[in-house]
Amino acid sequence: MASLGLVIFILSCAIFQAFPVSSSNNYGGLFPELYQFSCPQANEIVMSVLEEAIAKDPRMAASLLRLHFHDCFVQGCDASILLDKNSAFKSEKEAGPNKNSLRGYEVIDEIKAKLEQVCPHTVSCADILALAARDSVVLSGGPYWEVPLGRRDSKTANFNKANVNIPAPNSTIQNLINLFNKQGLNEQDLVALSGGHTIGMARCVSFKQRLYNQKGDNLPDVTLEKTYYNGLKSICPTSGGDNNISPLDVASPIRFDNTYFKLLLWGKGLLNSDEVLLTGKVKKTKELVKSYAENEAIFFLHFAKSMVKMGNINPLTELKGEIRKNCRRIN
């Protein structure tokens, strides 16, 4: 018969394996297994709603990935992006980078409603955003990663930070590096996470400058490949058409792969913030673009690692936030 000490030792080893605590795998109070007993159906519910939503609208995968990104970059991964305005604060949805641009809120609402039916007041909106981002990537053919869970939802939003912290499509390489560093993310995270642009679309207003007036001299960006440039001009005229859309990855716009990086090498990156990863005269980002273009497995590995890192930006844990019943408003 095993002694009590041995039983405790075995149990402690099992707990350590389930939640490893090391400097390279410290999620700051978040655990992938959090809902294993309190809401075992959570993953299944998220995936089933997404399968239907993405089958109906393949672009939705990129929209949900972007929602998580725009949430985390403002005041941490706390679902502040989902809050509608009220008398106490302006909504981040109305900020420049998000207005008439972010989408997918209704898919998050549907996931939340189904989770509340099965496991009331258990799964936070912030965790739903993180799970939806991962599953959207998987359903588009990209890598799987374990999502650390346990984020609480914020009781406020920050309109001003949403206008300042989210990288603009016309960013220089130094802008991008600075904004990512501010979030504790490095140059590898910047290039890997930019690879999320292998799926999704961008509005004409976000790349018009490259077509007609890149340096304030009424000339196009010379790094654009000629045929690609001519095609973009037909989608995005000199005046009007600001909400016309073009794929960020013209070759495989709904498949998560490394084609985005190959296109950069061919002068077919859509946004200035894409192109400068290669041409911005930063050796590290240029080398990573080439590396990911050659080796999809390395890109997938780095992307998954950076998504976990981004998902761990200043989460509210334990008593610091709440678990909203409705993601659009505080309880």
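Each residue's number is its place along the chain shown, starting with 1.
Any Cβ shown, glycine's included, is placed from N, Cα and C.
TrEMBL entries are annotated by machine, without manual review.
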If you pull up TrEMBL, which of Cys13, Cys39, Cys204 shows a disulphide to Cys119?
Cys39
If you take the centroid of the Cβ atoms of Thr198, Asp249, Asp257, the listed Ca(2+) 2 site, which other residues of that chain have their Cβ within 8 Å of it?
Gly195, His197, Ile199, Ala251, Ser252, Pro253, Arg255, Phe256, Asn258, Thr259, Tyr260
Cβ-centroid neighbourhood (8 Å) of the Ca(2+) 1 site, Asp71, Val74, Gly76, Asp78, Ser80, Glu92 excluded
His70, Cys72, Phe73, Gln75, Cys77, Ala79, Ile81, Ser154, Ala157, Asn158, Ala162
Report the nearest neighbour of Val74 (Ca(2+) 1 binding site) in space among the recorded positions Cys39, His197, Thr198, comparing Cα positions.
His197
Indicate the candidate from Glu92, Asp249, Asp257 with the smallest number of other Cβ atoms within 10 Å of its Cβ, considering only these binding-site residues.
Asp257
Cβ atoms within 10 Å, counted per site: which of Cys77, Cys119, Cys236, Cys327 has the most, among these disulfide-bonded residues?
Cys77
When you measure from the Cβ of Thr198 (Ca(2+) 2 binding site), how many other Cβ atoms are you left with inside 10 Å?
31
